[in-house]
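Visitor: Here's the feature list from TrEMBL:
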- 52-359: domain 'K+ potassium transporter integral membrane' (DOMAIN)
- 360-453: domain 'K+ potassium transporter integral membrane' (DOMAIN)
- 466-701: domain 'K+ potassium transporter C-terminal' (DOMAIN)
- 1-20: region 'Disordered' (REGION)
- 44-66: transmembrane segment (TRANSMEM)
- 86-107: transmembrane segment (TRANSMEM)
- 175-194: transmembrane segment (TRANSMEM)
- 214-231: transmembrane segment (TRANSMEM)
- 243-265: transmembrane segment (TRANSMEM)
- 322-342: transmembrane segment (TRANSMEM)
- 362-381: transmembrane segment (TRANSMEM)
- 388-409: transmembrane segment (TRANSMEM)
- 415-432: transmembrane segment (TRANSMEM)
- 452-472: transmembrane segment (TRANSMEM)
- 492-510: transmembrane segment (TRANSMEM)
Amino acid sequence: MASRVESDEDGDNKGSMWDLDQKLDQPMDEEAGRLKNMYREKKFSAVLLLRLAFQSLGVVYGDLGTSPLYVFYNTFPHGVKDPEDVIGALSLIIYSLTLVPLLKYVFVVLRANDNGQGGTFALYSLLCRHAKIKTIPNQHRTDEELTTYSRSTFHEKSFAAKTKRWLEEQATRRSAILILVLVGTCMVIGDGILTPAISVLSAAGGIKVNKPHMSNGVVVLVAVVILVGFFSMQHYGTDRVSWLFAPIVLLWFLLIGGIGIFNIWKHGSSVLKAFSPVYIYRYFKRGGQEGWTSLGGIMLSITGTEALFADLAHFPVSAVQLAFTLIVFPCLLLAYSGQAAYLMNNLDHSQDVFYRSIPGTAVVIVMLVTTFLMIMIMILVWRCHWILVLIFTGLSLIVECTYFSSVLFKIDQGGWVPLVIAGAFLVIMYVWHYGTVKRYEFEMHSKVSMAWILGLGPSLGLVRVPGIGLVYTELASGVPHIFSHFITNLPAIHSVVVFVCVKYLPVYTVPEEERFLVKRIGPKNFHMFRCVARYGYKDLHKKDESFEKKLFDNLFMFVRLESMMEGCSDSDEYSLCGQKTVQSMDGMLSNNGNTRTASSNMDISVSSLDSIEPAKSPPHVKSSGQTSSQTEVDELEFLNNNRDAGVVHILGNTVVRARRDSRFYKKIAVDYIYAFLRKICRENSVIFNVPHESLLNVGQIFYV
């Protein structure tokens, strides 16, 4: 079945029944519980920390470590004319490594992790929790009670509060932040596609130093074999890969550092003058525009810096900081200083590395995106003084904007490749986001009034047949339009109806014990429930064989706890009833293995029942307990019987189409790109392992 619906441009029409709807379909405050444990990084022993720092060498620092292979060649592609140019270039490399990887990332950006997760999306999730900038407004205060939903509060008159209100005022500002995040993510992808090939080809190019007559095809073939070997090992996981490559990378850093010391000793220590920033000024003054454009080669010395933050999920912050500070940073300084000392006495040897790498252009854009996001993190999350924010912003933008202006001159020399790749991914991501937002807005604008549902009576104006209907929707409150479309086109509905909302939150993960929220909709004789399944951005969505089982376990547990609470609320004797409730729960958990599993998957608090009040009427308590227990047994038996009768999964299939009068680019984006993406993506029926014979699709066409 399918229906055609036009979007309502005027928004919701909140009539006289709106207040009644709000009372009938309240948010899940009580059901959310009170699990407010803030994340704290685990404490590691010194030995374990050293081991993790050692392992991080094999995963995080490959790109930074191979940069010495091609930096000086790209800086002086036509040879070195003056030894002073080598000193100036080395000075730029030294201060670039100090300001960007060491000071900015290791000591500042790594602290902005989202419960141990790094990368652009981690920064965005932090911002979404501290300001209402999420473009799909499906969050609720109950989500803030998740264990992983850590955030700080600030005074209403503070600079952070003013910034928060400024960001939330207009939708264009929220969209601008989203686009900034997507740009940063796409640039990482564009750079990541090319970086392995560049690094391995540059390393393999060393073969031609002793055999200059060897063809480039042989070098390329060697690089391809190495790349295939590297990628074939990826499926073994981070732990095994890190143990395999960590000794190799550590040996590499020690060798290039040792060779650097040897070159400084052999060719003279005058190269150490580069630690004075005066030589940077002299370099630009002497080189002019040519010196400015050479920054594109020097910038390659800090490629791979973003990996320090992006790969943070695999290792603790302290391990990454330790490895970079004690091993990577000093070895790189020694390696570049040794190369500079050699070049000063061999000015015509700057082209020993045969492969001229593509200028890594996307890298500096990613750094700029991180800087802009860090400004908001420092204001909203860390609540730093504006002077500190200004200092961080000024230092970061001076370095990164300088490099950005220089790489613009090299776009036509190959820098356009990562930009084109990133642009393609940006279009895909933005179109997908646009279609998702429009589908959610349609669900919100067309949801059915709860008062209308209740006005139909317990039978919903239909024949209630045995069975349970699971109605999937993106709404965490209200009744979706597909349900009204369903009941107005069919003569019967299931005896039990559960609205299932799969919700994605701006947290890295949702613990299994906090995954589900369950509540009742309307009076008991309607037998209608709502279940919200919550996921984080790092939660894997493979085939969930037990999703239906977990859902029903949580539903049955909710009925048990609800019955106990009602028994308490009917009594004047709270202390005994609270004790009885806790004892009854303990009994269920100890006597029923399935119930134990159910309770661990549900976020419900009963501590409020255990209050101290004088006992007044024990006989009344006993009668109330028996009544609630009998009600519980009856409803559980009713649910079990309907579950045995059959479960049907009702999925809404909302098809988004562009209007006939839409512009051509909108038609291409919606009717072709978004439609294609929806077609190739897995549906909820596949993710949650819904049997084909139990699946019912309700189609709708929505024009935007």
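Cβ atoms are placed via backbone N, Cα and C, with glycine included.
The shown structure was predicted, so the numbers you read here are calculated from the model rather than taken from an experiment.
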Visitor: When you check the transmembrane segment (86-107) against the transmembrane segment (322-342), do you get at least 3 Cβ pairs under 8 Å, counting only pairs 6 or more apart in sequence?
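Guide: They are in contact.
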Visitor: Cβ under 8 Å to the transmembrane segment (44-66), counting only same-chain residues 6 or more beyond its ends: which ones?
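Guide: That would be 101, 195, 199, 202-203, 238-239, 241-250, 252-253, 256, 302-305, 307-308, 311, 314-316, 318-320, 322-324, 326-328, 332.
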Visitor: Return the stretch with the most CB pairs under 8 A relative to the transmembrane segment (388-409), choosing among 175-194, 362-381, 415-432, 452-472.
Guide: 362-381
Visitor: Pairs 6 or more apart in sequence, C-beta under 8 angstroms, 3 or more of them: is that satisfied by the transmembrane segment (175-194) and the transmembrane segment (415-432)?
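Guide: Answer yes: the transmembrane segment (175-194) meets the transmembrane segment (415-432) with 3 or more Cβ pairs below 8 Å.
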Visitor: Same chain only, please: residues at least 6 beyond the ends of the transmembrane segment (492-510) with a C-beta under 8 Å from a C-beta of the stretch. Say none if there are none.
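Guide: For the transmembrane segment (492-510), the far contacts come to 114-117, 122, 124-126, 128-129, 134, 138-139, 143, 146, 148-149, 313, 460, 462-476, 479-480, 483, 486, 521, 527-539, 551, 555, 638-639, 642, 645, 648, 684.
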Visitor: Taking the domain 'K+ potassium transporter C-terminal' (466-701) alone, what is its mean pLDDT?
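Guide: Mean pLDDT across the domain 'K+ potassium transporter C-terminal' (466-701) comes out at 72.
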Visitor: What are the DSSP helix/strand/coil residue counts across the domain 'K+ potassium transporter integral membrane' (360-453)?
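Guide: Helix/strand/coil tally for the domain 'K+ potassium transporter integral membrane' (360-453): 82 helix, 1 strand, 11 coil.
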